[in-house]
Structure formats: C-alpha cells, structure tokens
Amino acid sequence: MSLASLARALSRRSAPSSSRARQGFSLGGLGGTTRSPPPPSSPLPSLHGGEGGGLGLGFVRGYLTAALGRPAAVKAGTDWRSILANPQFRRLFSDGSKKNYENYYPKGKKEAPKGDGSNKSDSKQDSSTDDQWNFQETASKQLQNFLAPLLFLGLMLSSLSSSSSDQKEISFQEFKNKLLEPGLVDRIVVSNKSVAKVYVRSSPQSNSQGQNTDAIITTNDVPSKHTPSRYKYYFNIGSVDSFEEKLEEAQEALGVDPHDFVPVTYVAEVNWFQEVMRFAPTVFLVGLIYLMSKRMQSGFNIGGGPGKGGRGIFNIGKAQVTKMDKNSKNKVFFKDVAGCDEAKQEIMEFVHFLKNPKKYEELGAKIPKGALLVGPPGTGKTLLAKATAGESGVPFLSISGSDFMEMFVGVGPSRVRNLFQEARQCAPSIIFIDEIDAIGRARGRGGFSGSNDERESTLNQLLVEMDGFGTTSGVVVLAGTNRPDILDKALLRPGRFDRQITIDKPDIKGRDQIFRIYLKKLKLDNEPSFYSQRLAALTPGFAGADIANVCNEAALIAARSEETQITMQHFESAIDRIIGGLEKKNKVISKLERRTVAYHESGHAVAGWFLEHAEPLLKVTIVPRGTAALGFAQYVPNENLLMTKEQLFDMTCMTLGGRAAEEVLIGRISTGAQNDLEKVTKMTYAQVAVYGFSEKVGLLSFPQRDDGFEMTKPYSNQTASIIDDEVREWVGKAYKKTVELITEHKEQVAKIAEMLLEKEVLHQDDLVRVLGERPFKASEPTNYDLFKQGFQDEEDSKNQEAAKTPQPDDDGTPSLGEVVPT
C-alpha cells in the first residue's frame, strides 16, 4: 500500500481514532504477554479499524506500541497521526490535482481553447503559469522521491535508538531485594546470554482508569501481584551458569517452592539499531560509489569536463565530439570570414562537392580526402572550419587533437575508431581535428619512441582510418595546425591530406575587410568604412585575432571613459595598448631620466625624417609603457616583400638615432639603447651571413634556426671571424652616418625634445611644424598615405559643408540662419 493511500486512510479515521486513543486498548510487549479484556462499558476497537473495516489509526498505534514495547510510543503515534492527517502533508504524496486548482494543471488541458481572439497578454500569463506549475511539479516529485525514504529511515532509527529508554538497569542485589523477595517477578528472559530482562506484574488500576502505564510500581515503589507482566528492568549477567546458580540460591533462601521458581527463558535477539549501524559504513560506501558512477555517466566524469555529453568510466573509449548540422544554432558563415579569400575559395570547393556531387562525378573528379589548414596563430583556421560547418549542410564533427590522449592505454586508437565510425554512419560528413600536431607528430626512429607509444598508436589508427584497407568514401577530414613542419610525412601525403591550405596574416586589404566585420558590432560615431582603411594602415602584421582584440580594447576604453560612442581616439589608444603595453603615467621617473628619454626618442624621429628609405614616423611619446619601455616611436611600415641593401642601411641608421642623440646632445650614453643595439646586430648579421650582401663573405647563406638548438656552426672559425669583422664594420659605418646627421640637425633635435618634455606625445603634424615636409616623396602610395587619406577626405567633406552654408552679405544684412541681437 502506498504512503498516499495510507495517509488518506489515516485522515478519514483521525476523529474516531483520537476518541479511541483514550480507551483501554493495550498490547503486550515482545515477551508475549496477553491483553487484558476491556471493561464492558468501553468497546474494544477492532484491529482492522473498527466499524469501517479499513486500516485505522488504532492499527498503526498498536503496531508501534507492540514494536517499541513502551507506552511512550502511544504519544509518538499520536504525534505522527496529526502529521500524517495534515492535508498539506498528504498532498506531497498525491499525484492528483489540488482542489479548485484543476484548471492550472498542464496535464488537464486536453481541449484546445475555443475562438482565436486570445491576446498576447493572456498567452504570456498562461505560459508563465505553466512554467511556474512545471517547476512546482518537478520540486514536488523530487520531494516525494526523497521524503518517503527519509521519513521511514528517521522513524526506524528513532524507534530503534530509543526502544530501551523506558527500561531501567538495576543490579542483581536490587533485583533480589525489591522484586524477587516481594514476589513481583513474573518471568525472566535472558537475551543473547548476556542480559536478563525482568518482567514484573503491573497495576491493574492503571489500565482500567486510563492512567499512565509507565507507573507500574505502586506505593513505596512496589508492584502489585497477580497482574499482567511488563518488561521494566534488566541487568547484566556474567555467565548463564553463574546466573542460574545465584537465582536458585536466592529463591531457596526465600523459601520458594521449586515448582514456583521464576521461569527463565533464553532467546537470541537481534538489536536492529546495532546491526544497522554496523552495516551503515558499508551501505554508505556502496551508495557513494553508485552516486559517483551515475554522476560520471551524466557529466562529471573521467576523461571529460562537467557538462552534457561527458564520458563515463564505461564510455571512456568513445570520442567526445561536438556535432553540428543544419539545425544548429549560432552558425558561422563564409560571409563572416574575411582576409583569406584564397583559402576560403579552396574550402568552399569541399562544401560544393558535398552539396552537388554529381557535377564533379560526371567529370570523373573525386573529392579530396582531407585538407590541412596551416598558418600562424590567430589567422582564422578554426573560424574557417566553423564557417564550413555552417555552410555545408551536412553533419560536422569537431574534436581537438588533445582529446585523443588519455591516461589509459588504448584510449586514443579507440576514440579514433569511434569518431570515424560515427562519421560514416551519417555520411556524407566532415570531421575537423583542431591542433592535430598533438597526435600527428613525426614518429620516433629506431624503436626509441619511449613514452610516445600511445601517441604513435593513435597516429597509426588515424592513418588507417583516413586511407586504409577498409576506408569508405563520404567522409572529409579537415585539420588545423600552426606547426606543419613537425607532422608525420605519412599524414601529409596525397590520399590523406590532399591539400595544404596556407592562411597567412592578412595584408592591408584583408585587414580592411576584417575591420569592417568587427566594426559592424560596435557603436561608432561614424560609419565602419570611415575607420576600416586607416585602422588597417595602422596595424601592419596584425592577424584576425589581433584585430578583434583592437576593437574590443577600443570599446573597453570608451566604456571606461563613460563615452556613449567609440571614436578614432579610442582605437589609437587601443593600438598603443596592444603594441607598447599598459600606459604607466604614475611611474616615478627622475627629471634627468625623463630628459634622456626625450632626447633619445627625438633622435629616432629626426634620423628617420631625413633618411630616404626609413619608415615614416606616426607618433612619438615619452609616456612609459609595459615593463621596460620608457618611451617609443610608432611608425607606419610598408609591407614590402623585398628589401634592398640601401633600405636596410637606412633602417639601421634610424635605429641608432637615439644612441647618437644621447652622445651628441647630452654628452653621455645610457642603457636605454640596449634594445636598439640588439635589433641592429640581428639585422646586420642577417645582411652579412644570410642575404649575401657582403663581398668578403661572398654569396653564401647560413640561416639560423628559430628554435635556437643549433649546436655547431655550418662554417669554419675563419669564416665566423670574417662575419664578425664585417658586421662590426657595417654597424660602425651606420653609426658614423647617424652621428653626422644628428649633429647637422642638432637644434631641431633639441627643440623636439623640449616639446616632448612639455606635451609627452607628438604626432606627425607637430614634426612637420618643426622639421618641415619630408624631402623625399614616394613613387607609390604608402600605408601612411592611406592612413592620411581618410583624414584628408574628412577635411574636404567638412570644407564642402562649410561652403554650402549661407554667408552674410557685405552690406551687413543678416542671412536666413543668423540671429541679430536687439
């Protein structure tokens, strides 16, 4: 019988049961004592609930009284009766609808609403009511699932723990003097050969008049004779033989006839509370393991993070795949990808083939098995793969290369098999493996792979799945990496990755397109096209991720300044923040150091201004940025694919301009030129030892490894000495020319330095006022020309608008829009 039906039955019988609770109905204890018949004036309620024949409260009270063997259980039963009879408590265990709330139950709404004139407010109210009821229903079901076991467990533990609270422990001497000598002992039950339970005769007056049954001892704490016995006292015995001997001696001393000796019975009882507590740690441990296994299967698991779709301990060999299809939300399309038109065209061929395979099959063409996206970090490899998933319209399975590696042996190959099996089941499909270099590294040689056995097994399984004996068509594999040089050659061969699509950093046109995409999402004071070209000119060498960071930094700076729109000043501050680091205006710098930095940066500006092949200066500042830079000069370099010897020489001179200015104008040098000297040394060594510009070294090239693990030089010591002497000579020539240039324009260098000390930041317009126009004109427009072109167009438009506004006549007659004071 369910708890709901039990509660309803108890509520129906609550009133009669409460009246019968005061009547003389008593059950014996566990020792088997018989009931005393009630007086004729008090009818005894039946065990099945009296007249109704149902399960009444008397049965529950009687059962609890018999089970606990104590009168206190009657009071506890009365308390439980009032709780169970509460309608709100019964409603927790009922699946039926509440009274007068049937219309609010979603399950009861089977008929469609009549008419179509319902307004939106009613529908919203109904939906909110349904959501509220769904939450209440879910909470109620969860409460039903947990409350019943907890209630039963609490009732059992409370009854078991307090079952012996009404029994009093006495000594054998007290038993002999107060109970055995007056002849009040009815019988003795020895439990488990250790405890002697004494059943004494209770007072008949306590049952007939409804008094407290705990008062079984009459005046002077002596019970009456010839009454039904109850278990009230107990004492511990050392051994059965000793107890029987002492009991027999005591009764013989009292002159009791052997036929009237107190009967002694031996029982083996189970203390349920002790048994439960003994098995409680084991049950708790088993339950904990069960809950952990359920949680691992639902999300928090081995081999995967928390969340939906995690791998359990029994599913650790399955790949955790992010699957997308045509119904997925938050898709990325090819129109959201810019700056890599050639790579996008190659990827779009895969999409076109999957959508229209007959067009290619009629020509005898086969779709490539895979394509490897290669490029520097932040160029949009993963974004291009997301666009492929959004445009293809076929299932797209994405996984990271590190997801194949696990602490268990054999998990990697198993996940590769599971991944391709899932892809073949929904073919045609696309698999994208991001950062494939985690499992695609070149295998070890000579059997000395060591700890890479698991990775090599995973790679072997990937090779077999892509182009092996049992390979099936319809699955295209895309992969992304920025380390193609370390991949295994077997992975790069045609038949597996047929194409290598290189995604380089965007040029100025690509950056313009990328800026247009990100600027559409910002609140600007002008159109996105107003900023895109000049920002593209200001950010040479920036990848797509860097451009996104610039836009985000500009928005943060505008929000920090409590601005409602983003302006060009915010974008320039964002670019300075990314290039130079965090601005530190509060950094403590002495006046002498600040003056040295000002002359150093002024030397860079003047040297670059009067050198033909030097990059044009955009801005110079002495505001400290980053961790070490006390000032910097920002240039707008041209993205030249080829560099001449003269260009490199002028760039070397410009880099040495700060050191030359310190020597010429201040008269002493500082450590501020350390970074400049490092750049000059690297640039000059490249000219001599790599580019073949030196006549003494000849047409030889010794490129250095980028990783710095080159143990031996690929040339002799004599050649190394020639290279060192040549580099030293070239740097000396460049520095000599720079000193002459700074000496020639000493006054201008000092004037710019004083302006820097006053303003801290100078732009090209300030330099033009001091130095005049640059004496060199480029034959083709440079990045700086493109940057200035936007401002020139803005000034022209303002001038045109000013020309269109009406002007006052010469005779003093006011125009239409002029206000004349009176």
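The backbone N, Cα and C atoms fix where each Cβ goes, glycine too.
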* Structure fact -> Cross-ref Swiss-Prot: Zn(2+) site H600, H604; candidate in list D546, D576, D650, D676 matching that site is D676
* Asked: Considering only the binding-site residues G375, G378, K381, which residue has the minimal Cα-Cα separation from E601 (active site)?
  -> G378
* To do: Could you check the recorded positions E601, D676 and say which one's CB has the fewest neighbouring CB atoms inside 10 Å?
  => D676
* When you average the Cβ positions of H600, H604, D676 for the Zn(2+) site, which other residues in that chain have a Cβ within 8 Å of that mean position? -> E601, G603, A633, T655, L656, G657, G658, R659, A661, G672, A673
* To do: Could you list the residues of the same chain, at least six apart in sequence, whose Cβ is under 8 A from the Cβ of T382 (ATP binding site)?
  => D434, G480
* Based on Cα distances to P376 (ATP binding site), point out the closest of the binding-site residues H600, H604, D676. => D676
* List only the single closest residue to G378 (ATP binding site), chosen from the binding-site residues H600, H604, D676 by CA-CA distance. => D676
* To do: Drop a 10 Å sphere on every Cβ of the binding-site residues P377, G380 and tell me which sphere holds the fewest other Cβ atoms.
  => P377
* **Spatial neighbour of K381 (ATP binding site) that is closest, considering only the binding-site residues H600, H604, D676 and their CA atoms** => D676
